[in-house]
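Features as listed in TrEMBL:
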| type | residues | note |
| --- | --- | --- |
| DOMAIN | 58-206 | domain 'HhH-GPD' |
| BINDING | CYS208, CYS215, CYS218, CYS224 | [4Fe-4S] cluster binding site |
Amino acid sequence: MPQSRASRSKSASSQAEAVAAEKQRTAKILRLLKKSYPDVECALIHHNAYELLAATILSAQCTDARVNQTTPDLFAAYPDPFALAKAELADVEQIIRSLGFFRSKAKSLIGMAQGLVERHDGEVPKDLEALCKLPGVGRKTANVLLGVWYNHPSGVVVDTHVKRISRLLGLTEANQPEKIEQELMQKLPRKEWIDFSHRLIYHGRQICIARRPKCCECRLLAVCPRVGLPALPDESE
């Protein structure tokens, strides 16, 4: 039976209220994250765009701390894209051997450097599409580079922390990083894209730890539905 005009109006009003409430909740999440982590920055040690790009490639499936232990030797041997573009694969592999997937990462590093030399005169481009054409560079790596070095919010960096905590917060139900990024970009103000990722990464390392989240210590608890987590003791009593 078709809905009456009054029913449709009531349904539309309810939907509008739900959307408004979710916007308010998202804004509060942003405020609480900023209050908890007012000063955030990329944990990868770098001094120029080339170093940040290389370090970000190395950081895939690896901790930033481990990458930071490796990059000084890498950049001492290959201080710029021109040097790295001419490197022997075995030599790069030896330097980054302590990192996971070091063989494929070594190929990506050399390919990335060759791409910079051949297509961009050794300069790191400021364009997302151009970056993503370089070997080993996807949207996540490109977003890190553009956001951190060039302060250009090209998207939301979705690493393991951002993926997991965004789902816990009910900001997305998606599993694919690309889909998560698109949903977060729709919900968050563009000016917040860069620091939102940094803050969730900080939060994931300090409070919302994957295997033992400190929910009772979390400032976000009141606005977090804790999707997929068991009820807290006081919630089940």
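Using the three backbone atoms N, Cα and C, a Cβ is placed for every residue, glycine included.
Counting residue by residue with DSSP, the domain 'HhH-GPD' (58-206) contains 98 helix, 0 strand, 51 coil. For the domain 'HhH-GPD' (58-206), the model's pLDDT averages out at 97. Residues CYS208, CYS215, CYS218, CYS224 make up the record's [4Fe-4S] cluster site, and a Cβ search at 8 Å around their centroid adds LEU168, ILE207, PRO213, LYS214, LEU220, LEU221, ARG226 from the same chain. Within its own chain, CYS218 ([4Fe-4S] cluster binding site) has ILE207, CYS208, CYS224 as residues 6 or more apart in sequence whose C-beta sits under 8 angstroms from its own. In sequence order, LEU221, CYS224, ARG226, LEU229, LEU232 are the residues of the chain that are 6 or more apart from CYS215 ([4Fe-4S] cluster binding site) and have a CB within less than 8 Å of its CB.
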